């Protein structure tokens, strides 16, 4: 690349980057402004007198908006579901990738087939099932139903099939049973795939919106996404507080993304799947 | 996030054969089933049973708050086609809203990310960084995206109108409350938010196209455009099929953006099908009627996906 072309190239890419990043930066800077400054016209680019007042307000124990509680609920739901997905998807994927048994193809086809059912088709019947189980308005509703992820099984099955056969055979000769092979041979070799699946599950649960909005009723049981809606009602004109709430919901996933972006992006592109 | 996703290859390729020579000493016995049990328990309870149960619900006048749930046969379905029924107007208006959104967002979400992927497909310093930057908004949830853009697009106080004013353009556009502005906002925000996802899928596809094909095209003396038409596009065919179907499904499932940014405004023009189904079923508790709507929508999407699939198959 010539020097001039190089400059033009990076200007183009940099300009594009600005489009993607500026709104997120705006969210952060607004959260550090005062309510007055946030809505002034023309707007100030950087906070003139940066203040963490919005965050203090957010954590100040407003009973209509227990934000800390929402944050912990989100954390609990997203990590709980990620763990559950890891367990049920890895065991199922192991059976489907490495064992022969009657009905295997039918079961796998059924699991893949459900990838084509739009999520909203299941929302109303699932609401009724959750109600029967007594899980409405509780975190169980957020953790358990979504853990039946067809994506997780598909993704891990692909990975397990790529592992060398010899290690497993050696373990069999030494008299290991299936569970021992699974936990001592397969899982340790699959750490990158397991981590990718955990991160993708965590992100999608953390960001889920429609389901928590309709199955959680009490403010103290909210996760951040329905909580943010509540915040918009409670602080309709206080933009720094609303933006501080949005930032609070973004920062953990942005950090997670920065740490594991290679795995997230590769996981997404390799499987063509997210969910 | 309502993400309807399928794997490109799973849609096109035949199922792979079982791996050669799996470990099989004793007969299979109960072991595989024990390994499958935890997953299948969840799968049956929260995917298979609801798929059938929803159909059952749609055949009843199923008011969540009332004790009796009388069987009404196909009434909930015929009501959707009867202009005298109370749901007719609202339902079709919401289907139209989802349709409008899909028609305008899909072409952008198919073409623009391809352009970005082509930019990023060359080798240069910082490629991974830029890829991550363009992908970043996608890792945020619709709740954050919705609140952020509702603030940015606020007709009176928002940064977008201020910015436009500062460069001498009209600064009073009703981005969230007027038409066609509300649609432009919803489509624009969605493209900004999800473009990185499609770009990453394209990038993976581009990297799978063998280099030799490009070298051959160069020998044949084709220009950039010929190279794109004769090597890149055909090579991307399966990926393109995936991106198109996936984007159509995701767009027709749009919910959060309307719910948070325009709140259906100006009237109910930007209230999408999913938004209306959720209101009818989960706020109004008329679950029989809402289920019928969701099955009709599912059927429509199935037909659309199959049509796209066919179009890709039979082309040239």
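Glycine too: its Cβ is placed from the backbone N, Cα and C atoms.
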Correct range for transmembrane segment (source TrEMBL, candidates B:6-26, B:69-89, B:132-152): B:132-152
Range annotated as transmembrane segment in TrEMBL, from B:271-291, B:292-312: B:292-312
Best-contacting stretch, by C-beta pairs under 8 Å, relative to the transmembrane segment (B:181-204) and drawn from B:33-56, B:99-120, B:132-152, B:239-261, B:292-312: B:99-120
When counting Cβ pairs under 8 Å to the transmembrane segment (B:239-261), the leader among B:33-56, B:99-120, B:132-152: B:99-120
Remote residues contacting the transmembrane segment (B:292-312) - C-beta distance under 8 A, at least 6 residues beyond either end: 11, 54-55, 58, 76-77, 79-80, 87, 91, 95, 237, 240-241, 244-245, 248-249, 252, 273, 276-277, 280-281
